[in-house]
Amino acid sequence: MAQAKINAKANEGRFCRSSSMADRSSRLLESLDQLELRVEALREAATAVEQEKEILLEMIHSIQNSQDMRQISDGEREELNITANRLMGRTLTVEVSVETIRNPQQQESLEHATRIIDEVVSKFLDDVGNARSHLMSLYSACSSEVPPGPVDQKFQSIVIGCALEDQKKIKRRLETLLRNIENSDKAIKLLEHSKGAGCKTLQQNAESRFN
């Protein structure tokens with residue numbers, strides 16, 4: 001009887017210790033789960049800051065190269081450029097870096113995709129129209145929606161091999177490049193229109209002098 005009581009107490013002690021360890025482990029796991037959510041929220045917030053920095057720099061650059069800047073006096077343009085450069089400098093002081101964890105295959109895919117885009121960009125001055133079409137096919141390869149034009153199937157397979165975060169960055173870079181081309185085209189057309197209107201005015205003035 002005495003031995004049975006001793007064994008019962010020993011088993012009870014082991015049960016209490018096991019139960020306590022299980023509870024402690026459960027609490028630790030719950031804490032880590034909560035921390036994981038905060039880590040992901042931190043990465044998302046940092047990524048949003050990265051994107052905001054890119055957007056701000058693009059907007060400042062767009063203002064500096066806008067048609068409105070060409071149609072003001074030299075003094076006003078100089079003053080506005082000083083302000084724009086100051087804002088750009090302050091924006092560049094914000095350093096945010098979100099490193100993407102990649103396996104060797106994902107790293108290779110990213111480098112391959114980057115080389116393809118860089119090659120297209122290097123040919124902008126030679127043939128803007130062809131470069132635009134090529135960029136559109138690359139962008140369509142990154143889109144989950146039905147593309148309006150042709151899709152570069154080879155590029156699509158390369159992008160699929162990239163990490164998910166890298167896929168989003170590649171798509172954003174292509175969007176920015178296409179937007180910059182569109183803005184450049186608009187600026188050129190406005191400039192040509194302005195020149196054409198100016199020539200027409202000069203011609204009308206010259207004709208009025210002879211009449």
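Every residue gets a Cβ built from N, Cα and C, even glycine.
Using a Cβ-Cβ cut-off under 8 Å and counting only residues 6 or more beyond its ends in the same chain, the coiled coil (25-59) has close neighbours at 87-88, 91-92, 94, 96-98, 165, 172, 176, 179-180. The coiled coil annotation in TrEMBL covers 25-59 (among others).
The coiled coil annotation in TrEMBL covers 164-194 (among others).
Annotated domain 'BAG' per TrEMBL: 109-189, in sequence order. Taking DSSP states H, G and I as helix and E and B as strand, the domain 'BAG' (109-189) has 63 helix, 0 strand, 18 coil.
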